[in-house]
Amino acid sequence: MSCAGVIEAYGLRAIGIGERLLPRSDFTLCDQVVLIGSGLIWNVYFGALALLFGFCFATLLAVARTSDHPLLRRPADWFVFVFRGSPLFIQFFIAYQAFVLLPREGIEFNLGLVEITAQTRWLTKAWAGALIVLFLNTSAYSAEIFTGALRAIPKGDLEAAEAYGMGPFQKFRRVTFPTMLRLGWPAYTNEAIFLFHATTLVFFSGFPAWQQQGDALYYASYFADKTFNPFIPYPIVAGYFVMLTLCVIGLFGAANRRLNRHLAPSQRPRLRIRPQLVR
Amino acid sequence: MFEFCTAPSALDDLRWMACYLTTGKQIAFYWSFGTVLLLLAVTAPAALAFGFLGALASRSRVAPLRWLGTAYTSMVRGIPDIIFFLFVPIALDQGLEWLRHKAKCPDWDQPVRQGSDFLVCAEAKLPLNTAPQWVHESYGFALAVLAFAVVFGAFAANVLSGAMRAVPRAQIETAEAYGMSHSQAVWRILVPQMWIYALPGLSNLWQILVKATPLLFLLGVQDIVYWARELGGSKTSTFAYPHPDWRLWYFLGLLVFYLALTSLSERVFARLSHRLSLGQATAAGEKHRKAAA
């Protein structure tokens with residue numbers, strides 16, 4: 001098969017489009033590059049959606065953690081403690097086992113007149129179950145970052161907002177939230193990078209790959225197992241991830257410039273990538 | 001374990017549980033927590049040593065050494081660590097076997113890679129086919145430790161080179177003014193002082209290392225995850241202790257173990273940070289000095 005044929009057959013294999021069977025023998029470099037690249041779709045899917053939802057939830061959590069009300073603060077603190085204090089690997093296992101234990105035929109809610117059956121099977125599939133775990137996990141890590149940023153907001157900024165007569169909500173929307181983002185952004189970039197890295201764990205923990213539709217590392221280890229030669233597939237997947245990381249840095253760097261555009265150039269914080277947040 | 005455990009099916013719940021929790025396999029599960037702690041105890045110093053060498057190399061005046069150090073410290077930023085965990089052990093294994101193959105069987109004329117096989121002569125196998133089982137197991141564990149040390153060494157090198165840069169320049173200049181040579185200034189002034197700057201990063205790294213230990217399971221070591229899956233799976237009545245799928249409870253146990261470990265180490269690091277800042281040219285050190293005076 002020519003390389004164009006391989007791309008046609010396996011380019012979207014990870015989401016079930018194209019050839020059904022994976023290549024079995026005589027692996028070419030093209031096979032490996034294409035199939036591993038198609039697996040990257042899953043990494044981007046998990047990473048992007050978990051970041052998107054996680055960002056919103058993390059903001060809520062950070063606000064709850066800085067609140068004076070113990071009923072808001074305590075649960076948020078506990079949530080962050082549990083998800084930051086335990087390995088993501090174990091969290092995947094627990095989530096999968098818990099989802100499997102849900103009744104097969106769904107849960108029936110009796111709302112007086114109507115009965116609603118909530119389907120639960122989809123939760124055991126990686127696309128939903130693993131996404132939920134990654135979402136909760138990144139929420140906890142990002143909430144820690146945002147809490148620190150909220151506490152570091154200069155008090156003069158807040159006093160100035162009050163002096164302008166802003167109400168609590170307006171103050172949050174126009175002063176607190178943008179400043180929090182600005183202060184937390186370098187650390188949040190880090191979190192985003194390592195969240196993308198963490199997506200490689202999905203198919204190595206509890207969640208099985210359905211019909212051999214896995215992520216980049218899943219296919220890389222498939223090739224490494226079949227050829228018994230780790231020196232080709234793993235560098236390929238590493239190369240893909242370096243590119244993905246550079247894309248994340250580029251996107252978040254653009255956001256960082258926008259968040260800091262009102263500052264003098266010498267005062268703008270630079271993005272420094274530090275491995276602080278691996279799980 | 002207990003005498004009444006001879007016929008488990010006739011026992012009441014409490015005694016059944018007591019017997020169940022003391023079977024041989026359960027004891028093996030408890031020992032595997034020791035495996036995890038052993039891994040941590042061996043890997044942490046090894047990674048610190050790798051990291052120290054990497055940090056020194058990335059500051060070296062010899063250009064190739066500096067490039068090597070920089071490449072080593074920056075590789076973990078772009079590439080997921082799990083790729084290294086899958087790659088390093090098998091690559092090391094094949095590399096070692098290939099070297100031994102070259103040395104021990106020079107008259108072997110076939111290529112090492114034949115299709116999808118990696119073939120070396122029998123004398124070059126690691127460990128030897130005739131070696132007892134425990135050698136095979138500890139060889140696998142050693143490869144796992146090495147993989148962890150390489151990956152976390154790169155993280156540690158990152159932290160330590162930052163800490164070396166953070167030591168105030170005036171301290172080194174004072175050392176030079178006292179007539180110390182470059183290596184004296186490094187070893188007597190820079191290295192003793194860098195730890196307090198490195199501590200936040202290193203404590204972070206320790207937490208990361210703790211949370212990476214379940215990956216041992218992926219390397220084929222019989223660790224706590226392996227045993228939790230093994231023991232938790234549902235057992236039919238052909239087993240002495242039949243039970244439904246209890247994996248969720250086993251994993252919740254592991255979760256509690258890890259939460260305890262990370263929160264304990266957080267406390268230890270807080271105390272260590274207090275100790276290390278004594279007599280340092282930092283705000284915390286200054287606070288101690290004022291409190292004592």
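Note that Cβ sites are derived from N, Cα and C of the backbone, with glycine treated the same way.
Please treat TrEMBL annotations as automatic predictions, because they have not gone through curation.
Counting residues 6+ beyond its ends, the transmembrane segment (B:30-57) has Cβ neighbours under 8 Å at 65-66, 68-69, 72-73, 141, 144-146, 148-161, 164, 202, 205-206, 209-210, 213, 216, 221-224, 226-227, 257 in the same chain. Among the features that TrEMBL reports, transmembrane segment is placed at B:30-57 (among others).
Per TrEMBL, the feature domain 'ABC transmembrane type-1' maps to B:33-270.
Panel annotation: around the transmembrane segment (B:69-92), residues 54-60, 140, 143-144, 146-148, 150-151, 153-155, 157-158, 161, 212, 215, 218-219 of the same chain, lying at least six beyond its termini, place a Cβ under 8 Å from a Cβ of the stretch. Residues or ranges marked as transmembrane segment by TrEMBL: B:69-92 (among others).
Among the features that TrEMBL reports, transmembrane segment is placed at B:139-160 (among others).
A Cβ distance under 8 Å defines the sequence-distant neighbours of the transmembrane segment (B:208-228), meaning residues of its chain 6+ beyond its ends; these are 25, 28-29, 32-33, 35-36, 39-40, 43-44, 47, 81-82, 85-86, 89, 137, 140-141, 143-144, 147-148, 152, 155, 247, 250-251, 253-254, 257-258, 261-262, 265. For B:208-228 (among others), the entry in TrEMBL reads transmembrane segment.
Per TrEMBL, the feature transmembrane segment maps to B:248-265 (among others). Long-range contacts of the transmembrane segment (B:248-265) within the same chain: residues 33, 203, 206-207, 210-211, 214, 224-225, 228-229, 231-232, each at least 6 residues beyond the stretch ends and with a Cβ under 8 Å from a Cβ of the stretch.
Within the chain carrying the transmembrane segment (B:139-160), a Cβ under 8 angstroms from the stretch's Cβ atoms is held by residues 35, 39, 42-44, 46-55, 58, 69, 72-73, 75-77, 81, 84-85, 88-89, 92-93, 126-127, 194, 198, 201-202, 204-205, 208-209, 212, 216, 219-221, all 6 or more beyond its ends.
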